[in-house]
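To keep things clear, I will list the structure first and then write my remarks on it.
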Amino acid sequence: MSFSLSDDCGTCEDESQEEAEVARPLVSETEGSSTEVAEPRLGTGLIDTGDPATELGHSERQTWSRQMDFIMSCVGFAVGLGNVWRFPYLCYKNGGGVFLIPYLLMVFVGGVPVFFLEIALGQFMKQGGVATWNIAPLFKGLGLASMVIVFFCNTYYIMVLVWGLYFLAHSFTSPLPWATCGHEWNTVNCTTNFSRVCLNQSLSPSPANVSSLNTSASCLEHTGLRSSVMEFWERKVLRLSGGLDEVGDINGYLVLCLLATWVIVYFCIWKGVKSAGKVVYFTAVFPYLVLVVLFVHGVSLPGAVNGIIYYLKPDWSKLSEAQVWIDAATQIFFSYAIGLGALTALGSYNRFNNNCYQDAFILALINSGTSFFAGFVVFSVLGFMAAEQGVDISNVAESGPGLAFIAYPKAVSLMPLAPLWAIHFSLCLSQFVGVEGFITGIMDMLPPKSFLCSLRREVVVAICCFTCFTIDLSMVTQGGMYVFQLFDYYSASGITLLWQAFWECVVVAWVYGADRFMDDVACMIGYRPLPYMKWCWSYVTPVVCMGVFMFHVVNYKRLVYNAVYVYPWWGEVLGWFLALSSMLCIPLTVLYKLLHCKGSLRERWQHLTTPVWGRHHLEFLPPENEARLLPKAEENKNTLLYESVI
């Protein structure tokens, strides 16, 4: 009997060597103990090592220097962007505290189960991106879809870092430029003291049935005043044009920040996880220190309590709005990096016997806890700004992606040694982990013995960074924010991530088998996870994902920026092209594989759903288990070429 083996570049080994490796029984080698042959686990074809701490040799793939590198990488990816920036703006957009209800529900029925599934799958398969789905080759389109999504995500999300770097470059002066008026970008309506302007009107007598809120709002309506922070953001950083069709000029300073950001990202990941693992400690721990300082200062400001009350007090009427549930699911899947391929890529660098089950719960707690805490920081500042301007909190600032770049700089400008804290805030953001996930998927799917496979990792990383940089030039124009939100709403949106998570659960639970995968996880960590995971993969999560997905489709509304600008029809067409470019990867790949496989439909299904194992799985694979043998190299050649071209 002959076998073919796959490694990171898809090469094949000598048949005699393969037979020898398969025939060799699994042994557990622990220091100071005798060698014993382990018995196969019934029903799975895998063999229990007995000791979950036993390390298996996978010398051909990098592993984390320390397991804490993996934890910090996942934390840094979430804390840098998903929690500090995205969660507060979605919470503010959807009425404050009511957003926490669908958010927490999605954590338990979608976030944690799929988060654990992706980490465990990457660790078990020891590959990232497309190659991860060798567990069910017919559905390798899932890997292609995640690669498309994470590519778009890396392309537009890097702009948050660019804006942060731009603020950093302007943080070395005192006072900070966004803390005062009188600059070239300010208008005559710029002010830093709303209370003085509205003082006379607030002191004037008013009927008992007229609230102070209406009086204050009327004051602002007549004066048309603008905060110095908002004018710095809109008129200096963005130089916002009138719409998507008004591209305007390229901001030269933002181009330099964009170039510097991609250079930094490149040197963080160019050597793989060995180099990235050293950087994550700074990007994961440092933001927490800054958030704590901002929180302590924020709650001491006048009006901060009202902001926190707004954050925690739910508006129950919002629960009937489809977009609230869509945004909650999007935030969960995005901040948890679900469907982006990053988790499977990061998990593939774990030791085979790493306790990924425990890691999943720890990371979920840190992730959601950070989102919740970041909400306190932002809304305490929004409460102060509302009190200062005399308006309701829902009207104090824009509800779009720029909210964090209004609230955080405002908080920093009110602190002692403001330039110092502004620098610290700008250093909080990181995105290189998402780029690392994309690079891992690219490297794992390159065709064997090809020119691309022979390229050094450093060259592949440079090509990917330059490609993303070129696309990002469209976002440093005066109409760049409209392009940014188009990517944010469609390319890595709720519909694409829900679609991805739905199929991941269906493939693992119903094609490969939920019990079978639970046994594989038990082989890695030494015990079976709670049945809750299996139930979620099989029933709860797919139903919830598809339900929210259909809810979004039925209640679809046109994209609007900052509750004012409605995108043109051609902008929405472009957005749906971004969304469908990933979603269609799954059905088109299934159709392609079925049409290019020989035999009856049942035989094609049987052949294409047979897992393709890597060399490290042979340590667990008995030779008599035909279902786990690898297909021959010549049968896989065309498929590999197709996937590489895609």
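A Cβ is built for glycine as well, from the same backbone N, Cα and C atoms used for every other residue.
Those TrEMBL annotations? Automatic predictions, nothing curated.
Listed in TrEMBL as the disulfide partner of Cys190, from the options Cys181, Cys219, is Cys181.
Counting Cβ pairs under 8 Å that are 6 or more residues apart, the transmembrane segment (142-168) and the transmembrane segment (490-514) reach 3 or more and are in contact.
Across 100-121, 250-269, 332-349, 490-514, stretch 100-121 shows the highest tally of CB pairs under 8 A with the transmembrane segment (361-386).
With Cβ pairs under 8 Å as the measure, the transmembrane segment (100-121) is packed most heavily against 535-554, out of 459-484, 490-514, 535-554, 574-595. In this chain, the transmembrane segment (490-514) touches the transmembrane segment (332-349); three or more CB pairs sit within less than 8 A of each other, excluding pairs fewer than 6 residues apart. Cβ contacts within 10 Å of Asn367 (Na(+) binding site), excluding its own Cβ and spanning all protein chains shown: 26. Of the candidate ranges 459-484, 490-514, 574-595, 490-514 contributes the most Cβ pairs within a distance under 8 Å of the transmembrane segment (535-554). Remote same-chain residues near the transmembrane segment (574-595) are listed as 137-142, 144-146, 148-149, 152, 486-487, 489-491, 493, 495-496, 499-500, 503, 559, 567, 601, 604-605, 608, 639, 642, 646 (criterion: CB distance under 8 Å, separation of at least six residues from the stretch ends). Cα-Cα distance from Cys181 (disulfide bond) to Ser335 (Na(+) binding site): 36 Å (rounded to the nearest whole number).
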